[in-house]
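Here is what TrEMBL records for this protein:
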type	residues	note
DOMAIN	5-274	domain 'Tr-type G'
BINDING	14-21, 82-86, 136-139	GTP binding site
REGION	268-287	region 'Disordered'
COMPBIAS	270-283	compositional bias 'Pro residues'
Amino acid sequence: MDHISDRRTFAIISHPDAGKTTLTEKLLLFGGAIHLAGEVKARGAARRARSDWMKIEQQRGISVTSSVMTFERNGLTFNLLDTPGHEDFSEDTYRTLTAVDSAVMVIDAAKGIEPQTRKLFEVCRLRSVPIITFVNKVDREGRDPFALLDEVADMLALDVCPMTWPAGMGGQFEGIYDLVDNRLLQPEAGTKDFQGKVEQFTGLDDARIDEVLSAEGAERLREEAELATGGYAAFDGAAYRAGDLTPVYFGSALKEFGVDSLIDAIARHAPPPRPQPAEPAPVDPTDDRVTGFVFKVQANMDPNHRDRIAFMRLCSGTFKRGMKLTPTGHGKPIAIHSPILFFARERELADEAYPGDIIGIPNHGTLRVGDTLSERADVRFTGLPNFAPEILRRVVLKDPTKTKQLRKALDDMAEEGVTQVFYPDIGSNWVIGVVGQLQLEVLLSRLEVEYKVAAGLEMAPFETARWVSAADPADLKAFTDLHRSAMAKDRDGNPVFLAKSAWEVGYIADRYSKVAFAATRER
Ligand code: GDP
């Protein structure tokens, strides 16, 4: 097998508490990357890679280990990219999703689609990222499986295809039935734990089902499974890869039900690295020349160091340690001598990476989110979105002599994707925008600790922002001239309309049909 078709680079999306952390642990456990105590076992080359990043963590106070988790199974390499679990996520989360080829959506069986699941799903949809759904916590009382499937179908406008089915939930839970392979995964007697007890059947009409399930359970399973296979779309690999259909697996991350099936599903169905949108043309993973883009920059937690780690997703070519790559559009070639490679144990070549892999590049702030790095000069990856902030605040400087430092700090953090910054056309109060409350606290504390700037935030008379553009510059000018007091520039000088409310955006957009009001901006 080549080193492209054996890669699966994916993320888990979910609302807090749905079980992402538990599932991640179990995936790593089944993938052999960790052992029961959660300790990372390192040997040979992997030990080298591991000590590399531990050294970096110690020296620079950067925690990188959890950002990318790589494990191998049955000859495939899985790169699991972590998205922050906190409810107040930043653009960081969104951008991480631009670096994956597929996603697993975890849903709590008792709760269904929750707000953050939905938001993250919308980001996946923007890029047609294929989604496998895992309905978690079937060991507890949950909602009716049909209601859950219908909710996914209706709320997300996706075809759903159940691949497994719970034989009861909560108190009635008797196992998980695999609708494709006609196997029943069963809990150990007296528990709800899965430890490998599997019964193979010829089909749902196999009489032996009555021997292993309660009479009631067998009848319910037959009835429901029949309805489920008849009532929903059949599995269609192409529709899944196009992001139009989601195969659904039921399970319990905690009790280890369905985790194996989920890994198999990713192995069997999830796409290997796909061509990435770029200018002048999409980059195919089979292109020999090394290309990649930075989707995340993690700054140092230690204020005495200015080091950062840029996370690059490799899109084509074979990366080798020490290789020189040029950031498109700015700067000289950078020799990447100490890349952080997130390899599983037992890997032999810790010095190479392939399309789909993530490389951590230590740097001093030269690399920005959205940067393309390549061996060729003429390529630029597109489609890393900026999102319309949901919270806008004015920054008030406590010491007016620190204007320069403040601007530098705001620009830096905008580069990292922590916050967005808008410079109003009129007036001197800069406005920052975030998508979650937590980011405001992070901003203030970093201003003080890292940049020694004392600042406060006050309410802004705006609630949201839209990037404006028009085919005819005269239309844009007519609009901006009339709305001067609400116009600002983003960090890259693009015009932005600051709106008092989402309602105002709708109202104005109706009246200025020749002006486009975008809630996301691709950079
Ligand atoms: P996250 O916030 O999405 O990362 O969720 P966690 O993995 O931290 O899980 C949230 C809570 O749900 C924890 O108390 C877990 O032990 C529990 N949990 C996770 N998966 C399951 C499951 O399959 N069954 C049950 N009963 N509890 C679960």
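Positions of Cβ are set from backbone N, Cα and C atoms, glycine also.
Curation plays no part in TrEMBL annotations; they are all automatic predictions.
Across the range of the region 'Disordered' (268-287), the DSSP-based residue counts are 2 helix, 4 strand, 14 coil. Under the three-state DSSP scheme, K20 (GTP binding site) falls in the helix class. Sequence-distant neighbours of the region 'Disordered' (268-287) (same chain, 6+ residues past either end, Cβ-Cβ under 8 Å): 4-10, 101-102, 127, 130, 132, 237, 240-241, 247, 293, 315-317, 355-356, 372, 378-383. Confidence over the domain 'Tr-type G' (5-274), given as mean pLDDT on the 0 to 100 scale, stands at 86. Listed in sequence order, the binding-site residues among S14, D17, T83, V138 whose CB lies under 6 angstroms from an atom of ligand 1 come out as S14, D17. DSSP assigns S14 (GTP binding site) to a strand.
DSSP gives V138 (GTP binding site) a coil state; it is part of no helix or strand.
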